[in-house]
Amino acid sequence: MRLTAVSKRTRDSEERSLVGQQSEVVANGTGYETGCLRRVSVALEEQHSLAISMLKESYEVEIGKLQSELNEVKAKYDALKEGMTGCGKSAELGGEVNEVTDKVAELGQKMKAETTRQTELVAFGNRLARKEQGLVAQSEGLKAELERIKGEWVKLEREQSRRDIQVLRYTDWQRAIDTAKYDREVAIEDAIDLRYKWARENERANELKMKLASYSACCDTEHCIETFVGKRIRDRTLENLDEMLTEANNTVDAVINFNVPDEVLVERISGHRVHSASGRSYHVKFAPPKVAGKDDMTGEPSSKQFRLRRGRCVTSTG
């Protein structure tokens, strides 16, 4: 009975160990680690073989002990039987015979228990074999799943590579679009500046024409000096002036150029302030108003007639 209890505890511990190993295999299988599955299978086989060998050794030792005891009992029984036959002492030896009979019955029960344990050991070995087969099948399924996931991973890497190329192309296109937008804005500003300059040239040409016409009307003596002050004259203005002088049958006697530094001109022009309603003008440095930015008479704000753009003075409306 002691050996039966020990064998049951051993079997229970083996089954718990097997369940733990199986759960470890399943847990590791979710991570798709085939190497771990191989190690677990080898460990299970080693544990199974070790458990079987230990149980067989214990069974052989116990069976040997039981067999020796049975032989001793049989020898005593034969000796007693011979003594009863030869001497007629059956009444005196009845108790010993009963004791030997009980001992034989007990040994028979032990042999039966050992046979039952041997059957349970075989059944346990069969269960272990079936579980091993299930683990092998599961391992094969995990290997197939791992190969499938590897194929999916390769597809995802190729898709990621294509996506990176598309993102790079989109970035280049967006950069080109931004550059084109900036160039367009610069071109629009240049066109506005050119239109403004063209309009100013036409105004200057008309002013020169009006001045020449007025000079021709008011100057009827040879001592009259026809002069006018013009701003920075460009090629187009000079061409218009030549045409007007040719039509009037007149020529320019002399041209006086005032060489004033740009810094002085910028300071003079950018500091100029005008009260639009009255036409009164001020300068923030050379002729400042009583209150900065206000007209002296009405107290209304004075406007800035010129502003700086790209290092040049232009009108506030240009």
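Counting begins at 1 with the first residue displayed.
Glycine residues also receive a Cβ, built from the backbone N, Cα and C atoms like all the rest.
The range from 56-83, 112-139, 140-167 that TrEMBL describes as coiled coil is residues 56-83. Each residue of the domain 'Adenylate kinase active site lid' (273-301) gets a DSSP state, and the totals for helix, strand and coil are 0 helix, 8 strand, 21 coil. Across the residues of the domain 'Adenylate kinase active site lid' (273-301), the predicted structure has a mean pLDDT of 85.
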